[in-house]
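*Asks:* If you scroll down you'll find the structure; I have some questions about it.
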Ligand code: FDA
């Protein structure tokens, strides 16, 4: 039943017509729990509240299914505006982005051009840009773009690696020469068993493996999970190996395990919350429902409230 619901929400997350409709109607169906707002000002307010509690952020202007160069340029402008807004508001936040928003499916050259425009502004503000990892079809090209831009922009840029892919441990080994700042996650997309572990136990095992590997390589890890067992494992592992708190951080998504976020910050760990905003919230929201079908209850409750 759980896997049926998961697959249904992952299928719905790719529905372009529903995505278009959702854009018109603002945050609905309980999406407010996971999305900070439609306007940048709402997102900055949410970040200020987090900062006041000792929690830092990474801001994401939501967007999917870009098909024209104009849309890609518009998304690029949003990223640039977001970086300026972070700087002028004094909010403590990085930027996260998806390269399909910037025209990756149109051409690699267009996407690279947009990435450089964004990274120039990030560098100017001494900020940091994380490339989110999307589905398997974009994995190889994302890693290649990251490697090139890492050479050009140094520590201004980071990438995400997904534990559910068989290839990820090898990717981390190959990337180690760049001393990359990597966000490590379980992985959120529906992938074939030919490329990804189908069983949760195997994903969890590989997650621990790549976290340990990356930390032992001496590189910075952003461990992005809500899974208590993984968080406990990391705490234990860094203690045993004498890895300093300055070499890693924990990350969680906005609106999920809020108390745990606060507790980790209070314990002295860097706690970064991923704060999404914008009118293109539909696909992101569906993936959050897929991760935890219990969230569907919130949706049903919100339907009866509105
Ligand atoms: P898991 O799914 O096993 O959940 C562990 C526990 O956490 C659950 O039992 C529940 O208590 C709680 N929980 C998890 N998800 C929840 C939800 N939606 N609502 C309420 N409770 C929930 N993926 C990707 O493919 N590319 C990317 O770039 C990113 N980026 C990213 C950034 C950040 C900051 C985070 C936290 C996550 C991502 N992800 C991602 C998503 C990631 O791959 C994964 O799908 C989710 O984090 C869920 O996996 P967990 O590690 O939390 O464990």
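Placed from the backbone N, Cα and C atoms, the Cβ positions cover glycine too.
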*Asks:* Which residue of 101, 162, 251 does TrEMBL report at the same FAD site as 133, 186, 187, 188, 200, 225, 226?
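*Replies:* Matched candidate out of 101, 162, 251, per TrEMBL for FAD with 133, 186, 187, 188, 200, 225, 226: 162.
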*Asks:* What binding-site residues among 133, 188, 225, 226 are found with a C-alpha within 10 angstroms of that of residue 98 (substrate binding site)?
*Replies:* 133
*Asks:* When DSSP is mapped onto helix/strand/coil, what comes out for residue 200 (FAD binding site)?
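*Replies:* DSSP call for residue 200 (FAD binding site): helix.
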*Asks:* For the binding-site residues 133, 188, which one has its C-beta crowded by the most other C-beta atoms within 10 angstroms?
*Replies:* 133
*Asks:* Including all protein chains shown, what's the count of other C-beta atoms within 10 A of the C-beta of residue 225 (FAD binding site)?
*Replies:* 21
*Asks:* Which Cβ among the binding-site residues (186, 200, 226, 287, 288) has the fewest C-beta neighbours inside 10 Å?
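*Replies:* Candidates: the binding-site residues 186, 200, 226, 287, 288. Fewest Cβ atoms within 10 Å: 200.
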*Asks:* By a simple count, how many Cβ atoms lie within 10 Å of the Cβ of residue 162 (FAD binding site), its own Cβ left out?
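*Replies:* Summing over all protein chains shown, residue 162 (FAD binding site) has 26 other Cβ atoms within 10 Å.
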